[in-house]
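Copied over from TrEMBL, here are the features:
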{"type": "ACT_SITE", "residues": "B:Cys338", "note": "active site, phosphocysteine intermediate"}
{"type": "BINDING", "residues": "B:Asn275, B:Ile276, B:Cys338, B:Ser339, B:Asp340, B:Gly341, B:Trp342, B:Asp343, B:Arg344", "note": "substrate binding site"}
{"type": "COMPBIAS", "residues": "B:572-596", "note": "compositional bias 'Polar residues'"}
{"type": "DOMAIN", "residues": "B:126-504", "note": "domain 'Myotubularin phosphatase'"}
{"type": "DOMAIN", "residues": "B:307-351", "note": "domain 'Tyrosine specific protein phosphatases'"}
{"type": "REGION", "residues": "B:572-660", "note": "region 'Disordered'"}
Amino acid sequence: MEFSELIKTAKVENVLLSGPGVPAVKGTLCITSHHLLLSSQPGGDGEQGTVELWLLIRNVDAVEKRFASSSGTITLKCKDLRVLQLEIPGMEECLNIASSIEALSSVESVMMMYPFFYRPHSMKLEQGWHLYLPHHYYQQVVAETSAWRLSSVNRDFATCPTYPSAIIVPAVVDDEALRKIAHFRQGGRFPVLSYYHKKNQTAGTGEGLDQPSCPSISAPQVMLRSGQPLMGPNKKRCQEDELLLKAALCGRARGFVIDTRSAQAAKQARMTGGGSEPKAAYLGWKRLHRPLESRGRPLQESFMKLVEACNDPSLGMDRWLSKLESSKWLSHVKAALSTACLAAQCMEREEACILVHGAEGTDTTLLVTALAQVILDPDCRTLVGFQHLLEREWIQAGHPFHLRCAHSAYSHARLKQEAPVFLLFLDCVGQLGRQFPFSLEFSERLLLALFENSYASAYGTFLCNSEKERSLCKVKETTHSLWSWLNQPNQQKEYLNPLYSYNALVIWPSVEPQSLQLWQGLFLQWIRSSQYLDEAWAEIQRLVEGSETPTRTNGAAHSQLLLPH
Amino acid sequence: MEHIRTPKVENVRFIDRISSRKAALGTLYLTATHVIFVENVSETRKETWILHSQISSIEKQATTATGCPLLIRCKNFQIIQLIIPQERDCHDVYISLIRLTRPVKYEELYCFSFNPKLDKEEREQGWKLVDLNEEYNRMGIPNNYWQISDVNREYGVCDSYPTEVYVPRSATAHIIVGSSKFRSRRRFPALSYYCKDNHASICRSSQPLSGFSARCLEDEQMLQAIRKANPGSDFIYVVDTRPKLNAMANRAAGKGYENEDNYSNIKFQFIGIENIHVMRNSLQKMLEVCELRSPSISDFLWGLENSGWLKHIKAIMDAGIFIAKAVAEEGVSVLVHCSDGWDRTAQVCSVASLLLDPYYRTLKGFMVLIEKDWVSFGHKFNHRYGNLDGDPKEISPVIDQFIECVWQLMEQFPCAFEFNERFLIHIQHHIYSCQFGNFLCNSQKERRELKIQERTYSLWAHLWKNRVDYMNPLYRADHGQTQGTLHPQTAPCNFLYKFWSGMYNRFEKGMHPRQSVIDYLMAVKEETQQLEEELEVLEERLSNLKKVQVNNNKVKNMQQDRNKALRLSASNNSIANTPQEYSNNLKSFPSRSPSQGDEEDSALILTQDNLKSSDPDLSATSDQESGVEDLNCRSPSGGCLPSEDSGKDPDSDEAVFLTA
């Protein structure tokens, strides 16, 4: 397939672009394989035409057309929630443009996407891809305890197609057993270590040296994740699986299985071959059910309803609140945060082990394990640590980004597997940031950038559904990593929270409705002006930085002193 | 005190309504002015002080095996639950409090016994801090168009107006008196705000007694005079802040609104703000939502919508925006009234002034604004806020709504206000506390008769003295956002109106951000300033003694060290973090006894210390948690992380977080 086949009209003059909050501009519209460009006509005084719009076509979620006599208006509803209007003279041009955008934005093949073509001068390929290998994290864990080992059972993605090649499991379970367990867990997702919780990190570091592999009380807690056990209606059991979980307890009296489905749903899953760990078979493990919406319609529809409410200017105060309520988005935020807090609390306060799973173990499971780590672990709250976490607990852990983020809130296409699980995670992190304004090293801007890039990106980081697919598509060899871009010094600065200071504590959020807020920076980003809030942010930066770097007079004095005597 | 049946009850349990933590055991004392609860824990002996005047209701609940519960709701939105072992004691406390919280004469109020140990001169200075004549001078008045009138000397025309009233020069005493006879409670049109740039003004009055057809020549002349005082415009807006239906109903009672045909050159406009009864019920409904224990998001949002509270706030704001726009953009003067012109009119005039004039967005200017539009123009503080026992139907959160409007604006314009949220909360607190004389009575006349200024102290002086606590670090007088008229976003803007948990759930500390950005930035600002001064001194020395080698790095390091320390202290102060009930079926957990003291809600209460500083209010900076972080992190035993210091044990998690 050639892109040029999809582009019916590549260039139209005198197109009027308008969008919320910006004055309308007229210019020349161009369509390239991946971008929509609009450059304004040069002004009368010899002014250069400027590019007013540079839109990744992949970012277009829905295209709507409207015609009036000889011209047509195309409304572009973008995945980043922006809504743009193009008034195009000429019916035919308008139709052509619309169908070109439609065709280009719905190209299915991963290999045809922009990241495979994007070649910025300032960056080298393969640069960021080795920054955050989960491997490194697992090696750290293994270095600290002999109870866990790195396994290469999934080297060629044969045991579990959605796991990365490096995984970490209890040392006593050999690869053969893992293969058996993989058959007993949905998607082959046998229980693996997700997080190793070192309590009292600041108290003593030397203690671990002379301790045996399974120390008693002060042993670090672990969090595992997996797919559901394939018990089926006959309550099948798997000895190796039971052994693995027993070994994970590390001699501790108890562990908790946090099932992100209701007890009812877990029971029903047996009819289709799934299920949840029975108490009798897994001694010491207790099941907790916390139903979270993730798969399929409810969460996606919640997202769509919320965005619709935000975009509806006709709502009165009362109707706005009831629309907000009926979208249920904040209820999902509350449920996700509560469940993550429960997991964190089980580890931190009950000193128990945790196993998290839902059905597949690729959605709500990751939502809970990743959020719990942000709550528990100060390292995950740094800019770099957060990227580590995303790589380990979302990307490498096999969250199917390609499927989940195929469409955003506006698409009229029939829903397939879309669900804003990752967005929900970012929203929850944002809630933590609001409640603990000094404790996250990164700012809301990073979360926004991650949201945008997860839906449409110039980088390969969020492409595909698993490591296996990425390796087949040679994503690492032929696309740039988002991380290498984010970590350029000038970019980094953009995403840092000026108020950050390291906080070794667990950050327990409030999940009361009074404490949870609509994420205005995202949902209202294109609707309300943020000028005054941006000014406030700049003022905060000015204040904090003014106190950190020497002031101008100070700087002068400084340079004076540097002069040789 | 004859009303106190029992001054002291022991073994009372104080229930923390929010956390499910075990109740604190202690002793309850009743004094002439306060209810005091002192915990038995010997090291801390934590005290909770509640002013009688803050108590809005006392509810005796059914006796249980453990004792007799007493629920006290306060006007500053604190809720206290006590369990008194003996039914008889409980009854005595209840009866005493019923009487103590409903004083019948002003002299019983706290401000007459409150003594901040200031001498007479300081007290007088305090009352002079806010001077309304000075304020009108600041606006540029008197001038060619406006003058001060002594027509209300000795309150001869209108007893709820101040003695000094500003009116158009062309309005003679005859016109004023004539007009006053045609207005409810004789509240004739008088100047509230004057914009010297374009001569447009905001005037206020009560409704005209027009009935179905009555006219009054002097009243028509009065409005004409207001129009003439603004040479730039050939009409004025008359804004009736009531819903049209209410205004029409008033016509049957011989009151009503201006007939456009009778007045030359007015444009009449209704802006539907509901009356005090609707507002009272609305707040009541919203507070019921705030009181819910662990509500779901749906319960909360439904309840909030159902209360209509934010809708009412928006209506007031919209009225203010309309008037500000008329004055600033159209250059047209506005006359505002409602029924009596002392509730909605006060709200709307003050919101409009706040939007128009940056001065009112400063600390001092805000005090002046309240003094001008609320205190001097006879807002009935005593009736609205129930300071003395009176008709419960007169009570309504009128000024609370204005204060909330200011907060909503602060959220939209974070750099535009010199003061912070705490300032608003403390003003609200003191409107009800009766600790200072400013808001006593229903009018200036009554206050003069009571000799308030000689017998009580002024809140403004107290707030001014502690102004560092109330500063917004993001405010800069030269910042663009500070200048000129504020233009809040109008449509679509519903989502900009938010629930103010900092006010209505202010005592539920766990709900609020655990780290205070404002306090930290304030500290940074101060430090930077100090360092700059230090640096200046050093530089001076440097230039004087060129050959002396001053290690500049020292300065820099010092600066950085300080910064670090600052940040640490700022976050220490504010980390008051404890896990909540995220689990509802973990009752099988072994009970682990809390190893920390119960310092959790020290900031929720009115401590003796605070009282001495005559500030019986919470202060975000006075957490006793400070240092907890440090101590615990380094504690060798490491048995318990500091974030667990609430001592809440999971097996008592009765409250359900995940009501699925």
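Backbone N, Cα and C define each Cβ position, glycine as well.
Residues 160, 183-185, 187, 189, 192-193, 195, 198-207, 223, 226-227, 229-230, 232-233, 235-242, 246, 250, 255, 266, 269, 271-276, 278-279, 282-283, 285-286, 288-289, 360, 369-370, 372-374, 377-380, 384, 396, 398-399, 401-402, 404-405, 408-409, 485-486, 488, 490, 494, 497-499 of the same chain lie 6 or more positions beyond the ends of the domain 'Tyrosine specific protein phosphatases' (B:307-351) yet place their CB under 8 Å from a CB of it.
Within its own chain, B:Arg344 (substrate binding site) has B:Thr241, B:Arg242, B:Ile273, B:Asn275, B:Ile316, B:Ala319, B:Cys338, B:Val398 as residues 6 or more apart in sequence whose C-beta sits under 8 angstroms from its own. Reduced to three states, the DSSP call for B:Asp340 (substrate binding site) is coil.
Neighbour list (B:Trp342 (substrate binding site), Cβ cut-off 8 Å, at least 6 residues apart, same chain): B:Ser160, B:Arg187, B:Ser206, B:Phe377, B:Gly378, B:His379, B:Lys380. Across the domain 'Tyrosine specific protein phosphatases' (B:307-351), the DSSP tally of helix, strand and coil residues reads 31 helix, 4 strand, 10 coil.
On its own chain, B:Asp340 (substrate binding site) has B:Ser184, B:Arg185, B:Arg187, B:Ser206, B:Gln207 as residues at least 6 apart in sequence with a Cβ closer than 8 Å to its own Cβ. There are 15 other CB atoms within 10 A of the CB of B:Asn275 (substrate binding site), with all protein chains counted. Mean model confidence of the domain 'Myotubularin phosphatase' (B:126-504) amounts to 94 (pLDDT, 0 to 100 scale).
Take the mean position of the Cβ atoms of B:Asn275, B:Ile276, B:Cys338, B:Ser339, B:Asp340, B:Gly341, B:Trp342, B:Asp343, B:Arg344, the recorded substrate site; other residues of that chain with a Cβ within 8 Å of it are B:Ser206, B:Thr241, B:Arg242, B:Thr345. For the substrate site, whose binding residues are given in the record as B:Asn275, B:Ile276, B:Cys338, B:Ser339, B:Asp340, B:Gly341, B:Trp342, B:Asp343, B:Arg344, the maximum C-alpha distance rounds to 12 Å.
The Cβ neighbour count for B:Cys338 (active site, phosphocysteine intermediate), using a 10 Å radius and every protein chain shown, is 28.
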